Amino acid sequence: MSPSLVAPEPEHCPGPESEQAGQGDACAGCPNQQICASTPKGPDPDIPIIRERLSQVRHKILVLSGKGGVGKSTFSSLLAHAFSANPDSMVGLMDTDITGPSIPKLMGVESETIHVSNAGWSPVWVTDNLGAMSVQFMLPNRDDAVIWRGPKKNGLIKQFLKDVDWGELDYLIIDTPPGTSDEHLSVNSLLKDSGVDGAVVVTTPQEVSLLDVRKEIDFCRKAGIRVLGLVENMSGFVCKNCNTESQIFRATTGGGKRLAKKMGIPFLGAVPLDPRIGMACDYGESFVDGFPDSPAAKAIKQVVRAVGQLVGEDPDTVLPDDTAE
């Protein structure tokens, strides 16, 4: 039971029911500090509910990035579309970027709303085998700002995990905000007993992005999250007329491949820039299905095969290899 607080939670509050309640840096000077510190602590009673709810989800994969603007949410949508290109796979895409939800737009379902049944919240189905969940589906107006502090954001993420009726899924892709914020800590603590397969980290070639990616990888290691590998997004531009590759964002310090080697994690692949990706996202369509022979689509499919293999699946079962054609 939540303690009765005498003042609103401060920014970066760890939450009155968390193990750090009354002890975190944000607690210093808070009127609620003694109340939170004296509240009996114990295991979160919702953890077993979440574990049971997600017991039918075979693989849970986080998508992370150290810096915003590297195409993480776009890549999450591409990953979900590519996994669902196999009609035998059931795929879910959960948007935990509470204050900047973009998944509904990327998937072409931004006008949809959440439906509630006796079984829980129903995800919005993009296709027969691809569902999505986002706070955007709960807003009266798609342009409404979500101005929430940490505890409220964490509460919604908990609801997504324990109340959404995904049913049987082969893959649940969890798109997260940039950096290492409350949302990441919440997802990690709530899923620690549910068997997260690991995280795919997205970067761009420039050192300014790699700098933050190093911090993201360090966060994963400290939090006990397996890093499945690193993807370099916006890696060069291939002209569709002459097939000449140009480096738009130059890898001044060796790019993602060198960083992955230095950090001791797999390098999953490099996805080149393609303006048609942006066009497909604006229209909420699958770039992988629309332009299957493009260098970017082939690179994305190879990343999907690699991720599938890392979580214990046969890559040819995950997605047939068409690069040899």
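Using the three backbone atoms N, Cα and C, a Cβ is placed for every residue, glycine included.
Copied over from Swiss-Prot:
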| type | residues | note |
| --- | --- | --- |
| REGION | 1-26 | region 'Disordered' |
| BINDING | C13, C27, C30, C36 | [4Fe-4S] cluster 1 binding site |
| BINDING | G66, K67, G68, G69, V70, G71, K72, S73 | ATP binding site |
| BINDING | C239, C242 | [4Fe-4S] cluster 2 binding site |
Those residues of the chain, 6+ apart, with a Cβ under 8 Å from that of G68 (ATP binding site): P177, P178, G179
Sparsest-packed among the binding-site residues, when each Cβ's other Cβ atoms within 10 Å are tallied, from K67, K72: K67
Integer Å distance between the CA atoms belonging to K72 (ATP binding site) and C13 ([4Fe-4S] cluster 1 binding site): 26
C36 ([4Fe-4S] cluster 1 binding site) and V70 (ATP binding site), Cα-Cα, nearest whole angstrom: 38
Cβ within 8 Å of the mean position of the Cβ atoms of G66, K67, G68, G69, V70, G71, K72, S73: remaining residues of the chain near ATP: S65, P178, V202, T204, S209
G66 (ATP binding site) versus C27 ([4Fe-4S] cluster 1 binding site) - Cα distance in angstrom: 26
Between K67 (ATP binding site) and C242 ([4Fe-4S] cluster 2 binding site), the C-alpha gap once rounded to whole angstrom: 32
Between C242 ([4Fe-4S] cluster 2 binding site) and K72 (ATP binding site): CA-CA distance (Å): 28
DSSP-derived class (H/G/I helix, E/B strand, else coil) of C30 ([4Fe-4S] cluster 1 binding site): coil
Neighbour tally for C242 ([4Fe-4S] cluster 2 binding site), based on other Cβ positions within 10 Å of its Cβ: 7
For S73 (ATP binding site): DSSP state (helix, strand, coil): helix
List of residues, in chain order, with Cβ under 8 A from that of S73 (ATP binding site) and at least 6 apart: D95, D97, S102, I103, L106, D175
Site with most surrounding Cβ atoms, counting all protein chains shown within 10 Å, from the binding-site residues C27, C30, C36: C36
Cα-to-Cα gap, G71 (ATP binding site) vs C36 ([4Fe-4S] cluster 1 binding site), nearest whole Å: 39
Binding-site residues listed as C13, V70, C239, least Cβ neighbours within 10 Å: C239
